[in-house]
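Scroll down for the structure; my scribbles are underneath it.
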Amino acid sequence: MNLFNLDRFRFEKRSKIEEAPEAAPQPSQPGPSSPISLSAEEENAEGEVSRANTPDSDVTEKTEDSSVPEPPDNESKASLSCFQNQRTIQEYIDLSSDSEDVSPNCSSTVQEKKFSKDTVIIVSEPSEDEESHDLPSATRRNDISELEDLSELEDLKDAKLQTLKELFPQRSDSDLLKLIDSTSTMDGAIAAALLKFGDAGGGPRKRKLSSSSEAYEEDEANDDQSLKKPRGDRREESNESAEASSNWEKQESIVLKLQKEFPNFDKQELREVLKEHEWMYTEALESLKVFAEDQDVQCASQSEVTNGKEVARNQNYSKNAAKIKMKQKISMKPQNGFNKKRKKNVFNPKKAVEDSEYDSGSDAGSSLDEDYSSCEEVMEDGYKGKILHFLQDASIGELTLIPKCSQKKAQKIIELRPFNNWETLFTKMSKINGLSEDLIWNCKTVIQERDVVIRLMNKCEDISNKLTKQVTMLTGNGGGWNIEQPSLLNQSLSLKPYQKVGLNWLALVHKHGLNGILADEMGLGKTIQAIAFLAYLFQEGNKGPHLIVVPASTIDNWLREVNLWCPTLNVLCYYGSQEERKQIRFNIHNKYEDYNVIVTTYNCAISSSDDRSLFRRLKLNYAIFDEGHMLKNMGSIRYQHLMTINARNRLLLTGTPVQNNLLELMSLLNFVMPHMFSSSTSEIRRMFSSKTKPADEQSIYEKERIAHAKQIIKPFILRRVKEEVLKLLPPKKDQIELCAMSEKQEQLYSGLFNRLKKSINNLEKNTEMCNVMMQLRKMANHPLLHRQYYTAEKLKEMSQLMLKEPTHCEANPDLIFEDMEVMTDFELHVLCKQYQHINSYQLDMDLILDSGKFRTLGCILSELKQKGDRVVLFSQFTMMLDILEVLLKHHQHRYLRLDGKTQISERIHLIDEFNTDMDIFVFLLSTKAGGLGINLTSANVVILHDIDCNPYNDKQAEDRCHRVGQTKEVLVIKLISQGTIEESMLKINQQKLKLEQDMTTVDEADEGSMPADIATLLKTSMGL
């Protein structure tokens, strides 16, 4: 029996039963309930009709003598008639959750007794006769008006029958239908059934014996209190009960209406969805439609539902699989933070894992939400062995994965080894201060998380084997898997061989219903491969619409490339101000625009609720995300918003799939294949979130993690590097320039370091630690990024002189001084150049050029200019670019500049100007704005004035030059201030790059064996 009905029919009173129970009573915890009237003065002698809060499976089969006999018709009618005429006595039983007297019990029999003539049995819901006499006709008309037609009445009747069958499984449908026909409400039908059949559960149950005569007297007092209740209160409670019944009928009608649209899901599932949306039909319908389209679970159309009867359909998924996926889908919404009205989490994502298709039936698939902290829990022998083996052999890194196990505790566990048996383990763990038995039970969590990852690995391995088998089979048959360049592409342009392999790989994963990550190294033409794939889909009849989400700096390049390579595709640019986007949305909704592809930016896609709503409602076929590493954080708001885009398939394009750790890679996989990974995100987060270490410091476990990650990503990612596919591409040479700081700069850096070192012990927040690191980085780059030369005395003088300026004549000098205090030396220098009265406070050129990196950079630029090379110069800081402009002007070098403040419309013109005007020597770029999707192959030297904490941002910058179309050898120069924090940053970056190498290196196969790499197989199949 479901909990909804279980809680509605619970009774509060207890009293004595004339016969002792044959079985010991078992207490049950009270739950919330709604009021219903059903009592009599002699109820204690008759036995209480009660329900235990247990599932149906726990209720024993009902015996013949376990029911309370129905009173004679004449007595029952006389009682009700008396109540209708006088309406002076009405008894209500309080079923509130505060009652502590309710204690349903199981028993074998209930003694049969006849109701006395004085007994009055009153239910809160009126019978049909009572309704016809006492209730106004308007009420009946309102009740009937809630059901729109006869089919809805029949469906409601079916719902009532189903509910009664759950409560009274031993009764026939005909008996239950008679009760439904004889009453007008659900509560009335159940109350009548309780009177006629007795215990609803179908199992022999008895009232619990009162422990003392005081309990009986208390019940009698409660009865008297109830009998004396004022008529107004009784009517109010009766109205509340009727209203509750009416609400239930409304809700059931909504459930039935929703089930017509989604015949695959049972009513209980739909009820829970409606609860999620506050019983709002339209919102629940929209949510389920989005889910159904995403899952290919079809909903019933108008033609498929006739006369309220569901028509059977062929489904792509089984009913159980659809339920599980719906649970996973809905359980994700509160995590994404969109369902703000939600009060409680109906679905448990952990339980979804337990019920998923990966469940092997072993203990490894059980829910992780169980409580393992109880030392009295009986552990299975299999888990005992696993836990013992884990604690015996695990490394410190593995032990720290145990909940509440710190590094120190892990070290203590290692010192306690060996653990020969289970008893020894408990004894040793209990004796050591700081350790407890809880750590032993918590090991089960780690083991289960490993099992989840192993199941994912096995699933991914099966997918990979299927792809490999198909390509191998096609190759063996001589047909091969070779999709030629689509005819829609510009015939004057041709795909390179490795790009054809990429196109074939995209077509292969699409055929198998998978999503993928095209992770070719920067500069190999991922944009062109994606456009070719859209052209292939167009030829196959899939004309969209598709969505391409790109960084703002590359939107012009994408529009240009699509128009160049495949002019047949109609492209709609969703970009501009809020008003412009509003007009575009209006055109889309009213179908004024004819388009196959929508191109937009990450910001425009999710910046407002209207933007997000558009892409939730649009039925997109493919959503392509350029620079997909922007989705590396599954906890970010951007990630959560983009997950709501309603696209049947997803494709990520990224040149750097692995950046800081394996968790970022798993975030990308979860984004493209949410139905496979979303139910396991917590396990994935814990297993792959640890920091990387150098190869010589990696434990066996850390190497296993890398192997596991490689196994999981194998079917979904295609990664080629330039050295593999571009034999003719000129080489790239890396050069590290250690720059000695100037004498003054070294003094300032040392003083800053000592000051920060003294205060670092008081810092607790990571944000403050990051600020310390940033201050050191700025000083290592240039002293003018701090305020050193403009002392407080100078600033006071300058603030007074500023009053002579026409724009500041009425200003407050104290406020001017406060503003100047937070400015850097270079900002104050620019301010002095701007205002005449403080012009004399400008810094000398020697101070501006007083930097160790500037001295080295000046020499390098002079040499490169003599050779005829052209330079792309990157910096993390826009203010550093300002100072670099002074340097370039001082040495009379022509340059262009592009940073985050440059308008999107101007960027493409600056790039074209640099690529066509060979007299421009230097292109100044900020690493973030100029490191994505820009082609600068006309330059052959890349200088990184200051490196990024993320080496892949630097790699993106490097590959602006080292890409397809480059004809010269590319030189990459990194400027590192010697003896500063930048040396440590360089070392950490090298470790991160090693992780990518470990992940992308293909394991060497045995000699003569078939290569397992899909790309290699495709290449062989295509004869390349």
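Glycine too: its Cβ is placed from the backbone N, Cα and C atoms.
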Per Swiss-Prot, the candidate from SER124, SER373, SER742 carrying the annotation phosphoserine: SER124
Correct range for motif 'DEAD box' (source Swiss-Prot, candidates 523-526, 755-758, 791-794, 1003-1006): 1003-1006
In Swiss-Prot, the member of SER33, SER76, SER108, SER127 to which phosphoserine is assigned: SER127
Of the residues SER97, SER151, SER984, the one that Swiss-Prot lists under phosphoserine: SER151
Residues in the domain 'CUE 1' (156-198) grouped by DSSP into helix, strand and remaining coil: 34 helix, 1 strand, 8 coil
Entry from the recorded sites list LYS722, LYS994 having the most other CB atoms no farther than 10 A: LYS722
Same-chain residues near the motif 'Nuclear localization signal' (719-736), Cβ under 8 Å, at least 6 residues beyond its ends: 496-498, 502, 519-521, 523-524, 657, 958, 962, 964, 966-974, 976, 986, 1000, 1015
Secondary structure composition of the motif 'DEGH box' (626-629) [DSSP: H/G/I, E/B, coil]: 2 helix, 0 strand, 2 coil
LYS994 (SUMO2 cross-link) versus LYS722 (SUMO2 cross-link) - Cα distance in angstrom: 17
Three-state secondary structure, LYS722 (SUMO2 cross-link) (per DSSP): helix
Whole-number mean of pLDDT values that fall within the domain 'CUE 1' (156-198): 76
LYS994 (SUMO2 cross-link) - helix vs strand vs coil (DSSP): helix
